[in-house]
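All remarks here apply to the structure that follows.
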Amino acid sequence: MKFQKILELGNKKLLLLGVLIAIVLGVHLPLSQEILHAFHFTTLLVAIIFIAQGLNMDFSQAINIKKHFKIMVAGTIIAVFAYPALAYEFTRIFSLANDFALGFILICCFPNSLEAAMAMTMSANGNRVTAVVLLTGLCLVGIFSIPFNIYIWVGGTEHISASTVLAKVIGYVFLPVSVGQLLRKFFPRLPEQTKRISHYLPILCLSALVYISCSREASILDELSFSDIVHTLFPSASLHLLMLVIAVLVGRYILHLSKEDNRSFIFITSEKPMSLSVALWSVTYAPAHPTSIFPILIFYLAQMIIDSFIISRLKLQDCAKTG
C-alpha cells in the first residue's frame, strides 16, 4: 500500500521532478556547445507541448459560461487582471530585479493551470461543474489575455522587444494550440486514445527543453546561491496566499457561493502553470534571461506546498463534520 502511494505521488509530481533533474543535469552535465549549435530542438519540443495542450482542452462546457456569468467575471478579474498586476508590485516591494522579476511576473501572466488546478479542486471536494466551466472560461480568456499581460507587465527588455515577444507567443503558443484543437475536432476519439501519451510526452519534452536551455548558460546558473532562492520564495508564497484570501472573500461575501463552489473558485483562480510558463520562457527569454526559470519553479513549488497543506486542513474539517 505504501509503495502504491509512493508511485501515485511520483506520478503527480513527475513534471516537477523531471524539470528539477533537467536543471541539475544542465548545470553539472551540460550538452557541448557544438551539439547545441548543430541541432535546434527547441521549436519542435515547444510545438509538441502546446499541441498536446490544445488536444486536451475541452471547450464543450463553454455553453454553460452564461449560467456562471458572475463567477466567470470575478474569476477573470482575480486570475487575469489582479494577479499579474500584484505580481508586478510585489517585484518592487520585495526588490526582485532583472531575471528574477521577469520569471516571477511571467508565470503570473497565465490565467490558470490546467491539470494542477483541476486536481487540487477535486482533492478539496470542490464542485466539478463549476471548476470545469471556470477553467474553460479562463482558457478562452487566456487566448487574448496572455499576450496582453506579457506586453503590459513584462514588455520588452534590453535584449528583446515587446513585439518580438508577442510574435513568439502567437507563433509558439497559439498556433500549436490551434492545431491541437483542430485535431480534437476532426478526430474526436483521439484525446482518449492518446491520453497516456499526451500526459507523459509533454513532460519529457519540457524536461528536454529545460536541459537544453540550462546547458547553454550552465556557468551563469551555477553561480546562483541559496539566498537567491529564499529571496524569491517569500514573495512567491506571500502573493499566492494573498490571492487565495482574496478568492475566499470574493466567493463567500460577494458571490455568496456554496462551500463546494467556493472551493472550486479558490483553486481554479489561484493556480498558475509551470509547464506553459517554462515552455514560453525557453523560446522567448531563455537566451537573454537564463535564470528566469528559477522564480517560475519556486513560485510553482510554493503554491503546491501551500495548497496541499490547505487541502489537508479542509479534508480534516470535512471528516470532523461528517464524523
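Using the three backbone atoms N, Cα and C, a Cβ is placed for every residue, glycine included.
Curation does not apply to TrEMBL; its annotations are automatic.
Listed features, source TrEMBL:
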TRANSMEM  14-31  transmembrane segment
TRANSMEM  37-57  transmembrane segment
TRANSMEM  69-88  transmembrane segment
TRANSMEM  100-120  transmembrane segment
TRANSMEM  132-154  transmembrane segment
TRANSMEM  160-179  transmembrane segment
TRANSMEM  200-221  transmembrane segment
TRANSMEM  233-253  transmembrane segment
TRANSMEM  265-286  transmembrane segment
TRANSMEM  292-311  transmembrane segment
Leading contact stretch, 37-57, 132-154, 200-221, 292-311 vs the transmembrane segment (160-179) - CB distance under 8 Å: 37-57
Stretch among 14-31, 69-88, 265-286, 292-311 sharing the most Cβ pairs under 8 Å with the transmembrane segment (100-120): 265-286
